[in-house]
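Visitor: Grabbed the feature section from TrEMBL, which reads as follows:
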| type | residues | note |
| --- | --- | --- |
| TRANSMEM | B:20-40 | transmembrane segment |
| TRANSMEM | B:46-67 | transmembrane segment |
| TRANSMEM | B:74-94 | transmembrane segment |
| TRANSMEM | B:100-121 | transmembrane segment |
| TRANSMEM | B:128-152 | transmembrane segment |
| TRANSMEM | B:172-195 | transmembrane segment |
| TRANSMEM | B:226-247 | transmembrane segment |
| TRANSMEM | B:253-273 | transmembrane segment |
| TRANSMEM | B:280-300 | transmembrane segment |
| TRANSMEM | B:306-324 | transmembrane segment |
Amino acid sequence: MSEVLVQMEGIHKSFAGVQALKDCRLELRAGEVHALVGENGAGKSTLMKVLTGVYQKDEGQVIYRGKEVDILSTRAAQELGISMIHQELNLAPDLTVAQNIFIGREPRKAWRLFLDEKAMNEQARALFQQINLDLDPRTLVSELTVAKQQMVEIVKAISYESKVLIMDEPTAALSDAEIEDLFRMIEDLRGKGVGIVYISHRMVELKRITDRITVMRDGSYIDTVPTEEVSIDQIIAMMVGRQIYHTSTPDPRQENNEIVLEVKGLNRGKQLKDISFQLKKGEILGVAGLVGAGRTEVARAIFGADPIDSGEIYIHGKKVSIAGPHEAVRQGIGYLSEDRKQYGCLLDMDVKANVAVASLRKFSKGFGWMNDTDIANVSDKVVDELKVKTPSIHQPIKFLSGGNQQKVIIGKWLTRDCDILIFDEPTRGIDVGAKGEIYKLLDTLAREGKSIIMISSELPEILRLSHRILVMCEGRITAELGNHEVTQETIMSYATKRVG
Amino acid sequence: MKETSVKKSMAFNSAFLQQFLAFGSLILLIVFFSLSSSNFFQFSNIIGILLSTAVIGVLALGSTFVIITGGIDLSVGTVMTLSAVMTGVFITVWGMPVPLGILGGIMTGALCGLLSGAAVARMKIPPFIATLAMMMIAKGLALIISGTKPIYFTNTPGFSDISLGSLIGKVIPGFTIPNAVLIFFLTAIIGSIILSKTIIGRMNFAIGSNEEATRLSGVNVNYWKIVIYTITGTFTGLAGVLMASRLNSAQPALGMGYELEAIAAVVIGGTSLSGGKGTIVGTVIGALIMSVLTNGLRIMSVPQEWQTVVVGFVIILAVYADILRRRKA
């Protein structure tokens, strides 16, 4: 067996009296890809922040390559050879790739007075060669795809001679082809004896590339098992400690229903080409495709968030022109962004303010006077009906979990009487247990007659919920499929089908 | 039971605490100066403090709106001057009746706010730049229109009473609180109602909290921004009228620098320059802290230059206290 790189034992950590980690442990070997799984709030990030020196443990010991260490800062962790690739990348977009990799330790010349760009670019190139990455070190980071940016982060970690690499949801923003590249890189690193902690919710990936899995739940260590000895269902069962919700495959009952939204020949620059489709009452229309296929752009164009070059939109058979989100909303369209924190929630404001924000005119009487009693009543109803877990409607929404924030935003659109709802990645960043609740909610909304466009990168999610599926590739719709004729393979073949 | 737990949490919420801190500091200052000098806590001196707060106070009240959206209005100082000058022109040159002239002065401010708002919302010019430009435009116009000379209201009997007369004194003899102070507090009440009870206030906080999320909630953010800048302008116009009345003249060279004092008062009162947080009560207290400080130091014979230095440090202290408190929360 290979060398044990990291041994964490009996780690305790609490914040202001709240126990975040209870007797946690983790063992990572050289050349191992070790999955760390658990629902949101299970303590995965906290444990990794202890390892990378962001937090100090209250109790327990960390043994790194045979020696007990006290990691007091991220810098100390980096010097030991422990690096973390965060979900949110920490790169300066206006600097070049090489400048980012060597930030704070740039090679210099002429008595260290001047930067030595040439040496820096050469060193960067040498690093790229090590992992077979084809990239010009002089490229600006802002010109790279998210996938390439992530690889730059990994190269940066390698440049610190890291022996331990922690990856937090590395594939969340990647397309399938990019994921393959990443996995190849992980294999290379594994061959070099680097130990990798791989945090992810995507079970299929975990099965594929990890050697062992450590499961955490509610701040406690549950178990460490060899990956090949467990099934995905068993892992999920360990994570949640309960059964998760399954819907039956939706029936194509909406086939004869009224068309509520029709899009004809929508074009927008290079992003959208000749987009046409129909949405029926009570239907969930799944939109599948790889990252960058233009799915979010379709949503934003219909919603008036971005201008379009040409195309027509009909709502209930009537042609409308939508110059901005306020007009889309007036037509009964609500949009739920994939990035709730930035584009969905008023984070500092409370639940009732978030429920009311789209309908303030409805809640105001003469001279713009706000009817707070009405707002409170409606908010209570939303919390009640959508089963939002919150101590009260006066709770700032930033203290709610992702799933509950999503429910509040759904409540915002229902309050505004929107009957066309566009969900962009409805379960992104939402833990396994709450996903089931969101699925159930989408299904109920459709049964009640709402029409839903659901953009998702998770094919099982698309297959489970959609009545019809649109597949997009490079700004075009490449297929429209009924849900009975679809498998993941068909969708993938259309998602990679390049037209013209 | 639900209700009581909610009330409890309200008592500890941050806006409340910040106001309590600011209010506590104001009381401390008053106690300190009262002990330091027997001249401080005299009725006439208190009236003097309130009177000197009125103009800056009304400016600060207006600024609070724009600042809560995460914007800034650098033009309030010179727009105030332009409003004063226009009031003078309307009344003394055009011979308009006093109430109409006053209305014209206030509308001048509102129009400037509307234009700033349009530049920010429609043309997407950053607030700092748009209102910096408006500051210069208003300054120049005030000088051009007045011919760089003060406009006097000596032939308009009663004009100075708008600021310096005392309606309260007529009702309660001896209690001669000047009208300017009365107007300041009435304006504060109106401002507070707009901010907490009307759709404008809700939009104000929503935009300040997350402008893009608000836009994607179907709110016509551009429209509401223009409304909010117009409100700031309206308050600024009122400040101009008060200023003219108090000096019984429109002084075209005055006004620069007032915007910074107004912003200082807003910030001391706990409103965040990054938007989404703030109260009218805080601004009132902030404005009072500034004038109590200036007045108290003057009574203690601290030279004027040093007064400015002290106010500078107070701003640092106030904002740092706010940052410390937020870090804890």
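Cβ atoms are placed via backbone N, Cα and C, with glycine included.
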Visitor: For the transmembrane segment (B:100-121), find every same-chain residue at least 6 residues outside the stretch whose CB is under 8 Å from a CB in it, and list them.
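Guide: For the transmembrane segment (B:100-121), the nonlocal Cβ contacts are 71, 73, 75, 79-80, 82-84, 86-87, 90-91, 94, 127, 130-131, 133-134, 138, 162, 221-223, 225-241, 244.
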Visitor: Can you work out whether the transmembrane segment (B:226-247) touches the transmembrane segment (B:46-67), with the criterion being 3+ CB pairs under 8 Å where the paired residues are 6 or more apart along the chain?
Guide: yes
Visitor: Under a Cβ pair cut-off of under 8 Å, which of the recorded stretches B:128-152, B:172-195, B:253-273 contacts the transmembrane segment (B:20-40) most often?
Guide: B:253-273
Visitor: Go through the chain and flag residues at least 6 beyond the ends of the transmembrane segment (B:128-152) whose CB is under 8 A from any CB in it; none is fine as an answer.
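Guide: Tertiary neighbours of the transmembrane segment (B:128-152) are 72-75, 77-79, 81-82, 84-86, 88-89, 92-93, 112, 115-116, 119-120, 248-253, 255-256, 259.
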Visitor: Going along the chain, which residues at least six beyond the ends of the transmembrane segment (B:172-195) come within the CB cut-off of under 8 Å?
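Guide: Residues 47, 50-51, 53-55, 57-58, 61-62, 64-65, 68, 161-166, 201, 204, 231, 235, 238, 242, 245-246, 279-281, 283-284 contact the transmembrane segment (B:172-195) from elsewhere in the chain.
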Visitor: Given a Cβ distance threshold of under 8 angstroms, which distant residues of the chain, six or more beyond its ends, lie next to the transmembrane segment (B:253-273)?
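Guide: Sequence-distant neighbours of the transmembrane segment (B:253-273): 15, 18-19, 21-22, 55-57, 59-60, 62-64, 67-68, 70, 72-78, 80-81, 135, 139, 142-143, 148, 243, 279, 281-287, 289-290, 311, 314-315, 318-319, 322.
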